[in-house]
Amino acid sequence: APPARWQRKAKESGAPGPSPAAGVSPMKPANRSHSASKTPSKTPGKSGSKIQSTPTKAGGDRYIPNRSTMQMEMANFLLTKENDPAEDSPTKKEQQKAWAVNLNGFDVEEAKILRLSGKPQNAPEGYQNNLKVLYSQKTTPASSRKNGRYIPSMPDRILDAPEIRNDYYLNLIDWSSQNFLAVALDNSVYLWNYTSGEIIQLLQMEHPDDYISSVSWIKEGNYLAVGTSNAEVQLWDIQQQKRLRNMISHSSRVGSLSWNSYILSSGARTGHIHHHDVRVAEHHVATLAGHTQEVCGLKWSLDGRYLASGGNDNLVNIWPCTQGDSGDFAPVQTFTQHQGAVKAVAWCPWQSNVLATGGGTSDRHIRIWNVCSGTCLSAVDAHSQVCSILWSTNYKEFISGHGFAQNQLVIWKYPTMAKVTELRGHTARVLNLTMSPDGSTVASAAADETLRLWRCFEMDPIKKKEKEKANSAKTSIIHQGIR
């Protein structure tokens, strides 16, 4: 059980909380469930015992066309006349047309309601068919737009996160491929098993003044890297629940971590990034010096070719995975357009050279970059501090977490950068976002001491089956190649 000092009273909510003596453990579901509000008490459109009925209309409810008798008789005459083999001369046809227009007020040829044989008549020169113009054009955007998928506006679950540090520069949550959510609460790290709901306290710092400043799972999900305020980088085995090693190379707190296979990269308050080879005793294999202030955003690309780093100096650096000719690491790109600290950095899962970055309070912009050409593909003003960005693996979209003034999450369409929806509920700034291994759920940690789980990228069941089938086909091809 978590120590007594982590216990606290349940937050005020609609449902009664536990007694003050009982306390609330970290990561326990908070009494903020909104499931009851999802089911309306009454059917919309019905009120009490009143029964709605169709209003009576004057003149009945049937449409009875009132056609001109002359037009119908003329059409009947012309239909029977089609079988007449007699050919009229052009002069006679012109005379008949003139008589018909004078007598009837219309050309008899235009009175046909069915034409069963013969070639279509050519339109006179300069004639514009309004109906053709109207119906041959592309459908309007409103009618062609597919019905948007349903995105729940309320969180699927709310968990308590007591004493989570309200520090913009730290990275305090991460979701593993084995479905464990790691959360750093001040000087402790808790693991929440999403499948079973079990909560494990993995570690607690020995000195009360020290705290956890970053957490990051290795791709396989069996090891957790932990950065601390006293400049340590720890490596923990989750199955054994024990520390494997303690890597000391930094001189200040480690606020960001990112894995690339067996290389663990760590960003510190000094602005330095260290590469650690976790397989060898001399773990510190490289130092990247491209920032003058704290490195708060750090992310390896999915293909392992580039490392993106964002700092409190408003810079975004793109680092290669290999050393240059001089033996040093130098950035291949440096982006200077942001006017605030860059914590939010995220690589596009389907375009390996596309990076999204977000700026702090004095910038508030989300920018999309092509790291090969160094061009800014698009920029959008989010009107609030950008704390985190995650790309969806199920849709061509990404989600951003924000601070002042709305403290909301925003889903954006890519590449149009159109706003899909906003998810509100946090009462203080969102600090971090992380995504479930299946890509359907986003967890947000905020300064209001809650974790909220949003099922905002849930796939359509049919598409989900197709994706699973495609993935299994890929695996079988790989196995065949190996054999």
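Placed from the backbone N, Cα and C atoms, the Cβ positions cover glycine too.
According to TrEMBL, the protein carries these features:
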type	residues	note
COMPBIAS	13-26	compositional bias 'Low complexity'
COMPBIAS	32-56	compositional bias 'Polar residues'
DOMAIN	159-454	domain 'CDC20/Fizzy WD40'
REGION	1-64	region 'Disordered'
REPEAT	205-246	repeat 'WD'
REPEAT	288-319	repeat 'WD'
REPEAT	423-454	repeat 'WD'
Who are the long-range neighbours of the repeat 'WD' (205-246) in its own chain, taking Cβ under 8 Å and residues 6 or more past its ends?
165, 167, 170-178, 180, 182-189, 191, 252-259, 261, 264, 266, 268, 274, 276, 278, 283, 437
Mind checking which residues reach the repeat 'WD' (423-454)? Cβ under 8 Å, same chain, six or more beyond either end.
11, 27, 30, 32, 151-164, 166-168, 170-179, 181, 183, 194, 221, 385, 387-390, 392-394, 399, 401-404, 406-411
For the repeat 'WD' (288-319), give me same-chain residues lying six or more residues beyond its boundaries with a C-beta closer than 8 angstroms to one of its C-beta atoms, as numbers and ranges.
168-171, 255-261, 265-275, 329-336, 338-347, 349, 352, 355, 357, 359, 363, 369, 371
Treating G and I as helix alongside H, and B as strand alongside E, what does DSSP give for the repeat 'WD' (423-454) in helix, strand and coil?
0 helix, 17 strand, 15 coil
